[in-house]
Amino acid sequence: MNPDLDTGHNTSAPAQWGELKDANFTGPNQTSSNSTLPQLDVTRAISVGLVLGAFILFAIVGNILVILSVACNRHLRTPTNYFIVNLAIADLLLSFTVLPFSATLEVLGYWVLGRIFCDIWAAVDVLCCTASILSLCAISIDRYIGVRYSLQYPTLVTRRKAILALLSVWVLSTVISIGPLLGWKEPAPNDDKECGVTEEPFYALFSSLGSFYIPLAVILVMYCRVYIVAKRTTKNLEAGVMKEMSNSKELTLRIHSKNFHEDTLSSTKAKGHNPRSSIAVKLFKFSREKKAAKTLGIVVGMFILCWLPFFIALPLGSLFSTLKPPDAVFKVVFWLGYFNSCLNPIIYPCSSKEFKRAFMRILGCQCRSGRRRRRRRRLGACAYTYRPWTRGGSLERSQSRKDSLDDSGSCMSGSQRTLPSASPSPGYLGRGAQPPLELCAYPEWKSGALLSLPEPPGRRGRLDSGPLFTFKLLGEPESPGTEGDASNGGCDATTDLANGQPGFKSNMPLAPGHF
């Protein structure tokens with residue numbers, strides 16, 4: 001044995017042990033039990049926490065408002081809005097179960113809940129994001145059907161079919177997101193305080209295709225077809241409406257009672273005018289579908305802008321390490337996708353007055369009491385109200401045509417003057433309603449008018465509890481003239497176009513024999 005070698009080995013052992021000991025505590029490949037926590041920057045933690053906390057709170061409140069708006073307003077319960085509610089549910093689930101823990105990770109700089117919960121968090125993240133974009137894919141298909149087949153839409157897209165489509169969305173989202181929980185992921189890091197999205201190359205490619213690129217292709221194809229169909233159909237229908245308006249010769253106002261609404265429709269058919277089969281009705285329904293498509297097109301556009309950078313960076317960084325972005329850039333891209341969850345509750349009220357009014361009623365705690373006022377407004381510009389007293393009555397219309405269109409979707413504006421006939425709400429028709437009474441109006445009737453009948457003494461400004469009647473606009477004169485005056489049976493109509501405001505005021509005493 002060489003003593004020098006033995007001596008050298010023995011003298012170097014303590015030094016080697018010291019180096020090994022230091023490496024265990026400070027080396028880069030440290031274990032979870034020996035790792036040290038990163039130093040917390042209090043100022044940065046507070047500022048980031050406040051910003052992300054406000055963002056998460058806004059996303060939660062906004063998506064709850066969207067859900068309650070549809071739940072508390074019967075006229076918003078349409079198949080299209082069911083898809084919107086499903087999108088809000090996905091964003092709400094993301095805001096409750098994913099974003100708080102993502103914000104904690106950003107504030108503290110490390111994961112505090114262990115490896116198992118990290119895997120669950122990542123899977124729920126993929127689930128919610130996939131459900132969101134698949135909901136947008138279903139919305140785009142729904143909008144194409146609504147624009148392409150606007151008259152047949154209620155029979156093609158029923159509530160049952162919409163619910164089945166929503167269930168399919170969540171089933172597909174679960175299939176795409178469950179892979180990492182079943183072991184389809186990269187090996188877990190040694191440090192349990194590290195947590196992030198799965199970057200296993202093939203799963204990253206699979207999830208990007210299933211969660212984003214394939215639905216995105218469907219969305220773009222559907223909205224391109226919507227644009228083509230909308231442009232062609234609008235041109236054809238507007239041309240038909242102008243031709244129909246030129247052939248119209250009269251403006252008829254009728255009072256409908258509860259029991260004789262169908263008789264009123266038959267009287268209009270006898271004059272050769274069928275509101276339900278007119279081109280104007282088709283244009284109105286098509287315009288409503290096209291407006292909804294525009295609103296949801298904005299939603300889809302913002303979703304693409306928010307999530308496209310992430311779904312570009314994730315597969316490229318997983319497949320090619322040289323193309324992986326810096327951590328700071330990846331965090332910004334990551335949270336940009338999350339930011340989409342609070343955008344939709346902003347887009348809906350800005351693009352739809354129905355959602356805006358629903359939001360205001362809910363914020364004012366008027367979810368239930370607002371229903372009755374909404375029904376009154378639905379009569380609005382195209383349905384006037386009359387409550388009889390002894391032998392007189394009060395007939396008043398002060399709702400603009402535009403507001404009535406936004407509330408009920410049953411009136412038209414612009415060139416859409418021929419209105420679909422719709423029964424008044426049964427809740428506003430008293431018992432013992434009288435037969436319909438035909439009235440007439442000045443031929444130069446314009447939107448934004450105010451009609452009134454004399455009120456009996458002592459009853460001014462008061463509403464009577466008697467039966468409520470409505471009369472609706474069923475036609476339009478070809479040109480001003482005296483034909484209406486000759487057949488009005490004593491009604492005195494005058495125009496009021498002061499200051500360039502279209503409208504008229506008319507005093508029309510009702511015939512006593514009708515009540």
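Yeah, the Cβs are placed from backbone N, Cα and C, and that goes for glycine too.
Here Swiss-Prot annotates a disulfide bond for C118; of C72, C195, C224, C306, the partner residue is C195.
Checked against Swiss-Prot, the domain name for A45 matches that for E200, so both face the same side of the membrane. Its own atom aside, the Cβ of C365 (S-palmitoyl cysteine) has 9 Cβ atoms within 10 angstroms in the protein chains shown. Counting only same-chain residues at least 6 apart in sequence, those with a Cβ under 8 Å from the Cβ of C195 (disulfide bond) are L105, W111, R115, C118, W121, A122.
Helix, strand and coil content of the topological domain 'Extracellular' (320-326), in residues and according to DSSP, is 3 helix, 0 strand, 4 coil. Under 8 Å from some Cβ of the topological domain 'Extracellular' (320-326) lie the Cβ atoms of residues 313, 333, all in the same chain and six or more residues away from its ends. The average pLDDT computed over the topological domain 'Extracellular' (1-45) stands at 52.
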